[in-house]
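Visitor: This is the structure I have questions about; it appears just below.
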Amino acid sequence: MDFSFRIANKSFDFLIFVILSTLLTTIHASIHIYQNQLFNEVGNAYLLPGGSEGLYASLSSDNRATDGRSFIRFENITFWRTQDAADEQSEMEHSTGLIQAVIFAAADRNNIGGSAYGGQRSICCTPDLAKLEGCKQGEVIRIPSATEINWPMVFSIQFNGNDLSTQMNNAEVPIKKTGMHNLFFIACDPKLKGTVMSGKTVWKNPDGYLPGRMAPLMTFYVYMAIAYLLLSAIWFSQYMRFWEDILQLQHCIAAVIGLGLFEMILWYLDYSNFNKTGMRPVVTTAWVVTVGAIKKTLSRLLILSVSMGYGVVRPTLGGLTSKVLLIGATYFVASELLDITEHVGTINDVSGRARLFLGLPDAFLDAFLILWIFTSLSKTLEQLQAKRISVKLDIYRKFSNALAVAVIASVAWITYEIYFKATDPFNERWQSAWIITAFWDILSFALLCVICYLWAPSQSSQRYAYSEDVGEEFDDEEAQSLTRGQSNGDVSLVKQEQKNGNAAISDEEDESEEDKRE
């Protein structure tokens with residue numbers, strides 16, 4: 001398993017180079033960019049989603065590092081209709097096509113659109129709805145909020161004459177109420193089918209450009225970095241103290257701790273830069289995700305290897321090495337694809353279908369690894385019990401109990417996560433959504449702490465490395481106790497017991513060799 005060191009060292013050096021070289025390669029994050037995006041037909045309207053983010057209400061700027069403002073700003077928004085639609089209009093007409101930008105909170109979603117006589121809900125005003133709701137035909141139906149008469153906010157943009165394009169005036173909408181805010185560009189005129197839009201909108205919270213659901217994670221990664229730093233300080237102090245007795249397994253644990261600390265620092269730096277500038281370098285975020293995928297993969301391979309008895313019961317994985325590396329490589333690819341899709345170049349949550357499509361391979365591999373881990377762990381426990389190696393048996397029982405608790409906690413949390421998302425289709429509980437992400441980092445760290453505690457470096461690490469060594473010690477101690485319990489005249493009986501002990505050691509060595517050939 002020393003391959004983990006080579007991967008970690010190469011990744012670290014290359015990552016530093018990549019981070020320093022990405023200053024000019026960025027993607028807009030909470031600055032939403034629209035590049036010739038097409039309006040889609042939804043019901044009786046043509047609609048283009050402009051963004052969806054949790055925003056906090058503006059705060060006083062007194063004694064604050066930032067200006068304390070929260071807003072959505074429109075910049076250089078331009079619409080292009082088709083040539084056929086423009087040719088149908090007269091050059092002398094003033095208003096020949098209407099597009100409206102609508103901003104509303106998720107709590108006020110029922111204030112947009114209406115239904116005539118209990119039928120299908122419509123976004124645009126129809127003749128029947130004009131009579132019932134008093135709306136204006138051909139425009140978006142807007143019902144003023146009970147708490148704010150000017151909310152939801154609607155901006156109207158008109159095409160003039162037979163112009164192909166029209167531009168929206170730059171505007172800034174202050175956010176006075178905390179909530180999940182949505183922006184849609186809507187056209188009710190059937191003649192505007194095929195319209196496209198370009199430009200950008202800037203979304204800002206009081207403390208920066210970081211979206212509201214992500215903001216708590218920046219603080220969380222600080223605490224996680226401190227936790228990993230403390231763990232690494234404790235581990236590496238023991239690591240250096242007993243350097244001559246370090247096992248290969250403990251090298252792998254050190255690599256996982258180092259990658260975990262590095263990942264938490266990179267996530268904090270990524271979020272901090274995002275919060276200050278509203279820009280998120282693509283390559284930097286991609287490599288943060290890659291470090292995380294490498295750490296998750298090595299963590300799972302570490303648990304699998306420990307369950308197989310690597311470094312404690314058996315010196316190598318033997319014929320299983322290629323299979324372990326294959327499942328590790330497959331898991332890395334699946335995890336990398338999922339995390340890149342979720343984090344790199346995206347702000348809004350990944351759609352349900354995309355998340356399901358990319359999440360299924362990851363979930364399947366996790367389930368396969370769990371099955372393999374517990375199967376291997378069961379065999380290791382049986383082997384230790386058969387050889388009556390009580391010290392290692394006790395360690396592996398503690399490890400299996402911790403692993404069982406982690407699996408039960410994971411299943412319970414996945415159930416809660418499904419419930420959380422199923423009961424919140426409009427992301428109204430966005431302020432607590434960060435906990436979904438944070439839980440997995442906490443669980444991973446807790447399990448790593450258990451492994452560090454059970455397999456901490458010590459002066460007896462090499463002494464208790466493999467089963468045959470412990471077997472020798474056990475038999476010597478047994479022989480000595482027998483010697484102390486006999487008189488000088490019973491020397492032949494003691495020698496006979498020692499002979500039997502040596503035979504047991506030979507049997508254990510044979511079993512060890514058989515494990516190597518697997």
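Cβ atoms here come from the backbone N, Cα and C positions, even for glycine.
Please treat TrEMBL annotations as automatic predictions, because they have not gone through curation.
Annotations per TrEMBL:
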- 480-490: compositional bias 'Polar residues' (COMPBIAS)
- 506-518: compositional bias 'Acidic residues' (COMPBIAS)
- 216-462: domain 'GOST seven transmembrane' (DOMAIN)
- 477-518: region 'Disordered' (REGION)
- 220-237: transmembrane segment (TRANSMEM)
- 249-269: transmembrane segment (TRANSMEM)
- 281-303: transmembrane segment (TRANSMEM)
- 315-334: transmembrane segment (TRANSMEM)
- 354-374: transmembrane segment (TRANSMEM)
- 395-414: transmembrane segment (TRANSMEM)
- 434-456: transmembrane segment (TRANSMEM)
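Could you give the neighbours, burial and distances for every feature on this list?
Guide: Away from its own ends, the transmembrane segment (395-414) comes close to residues 303, 306-307, 312, 370, 373-374, 377, 380-381, 384, 439-440, 443, 446-447, 450-451, 454-455 of its chain (Cβ-Cβ under 8 Å, at least six residues beyond either end).
Long-range contacts of the transmembrane segment (434-456) within the same chain, counting only residues at least 6 positions beyond its ends with a Cβ under 8 Å from a Cβ of the stretch, are 213-217, 220, 224, 227-228, 231, 234-235, 238, 247, 249-250, 253, 256-257, 260, 264, 296, 299, 302-303, 306, 312, 395, 398-399, 402-403, 406, 409-410, 413, 417, 420.
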Visitor: Counting only residues 6+ away from its ends, which parts of the chain sit with a Cβ under 8 Å from the transmembrane segment (220-237)?
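Guide: Those are 253-254, 257-258, 260-261, 264-265, 267-268, 271, 434, 438, 441-442, 445, 448-449, 452, 456-457, in sequence order.
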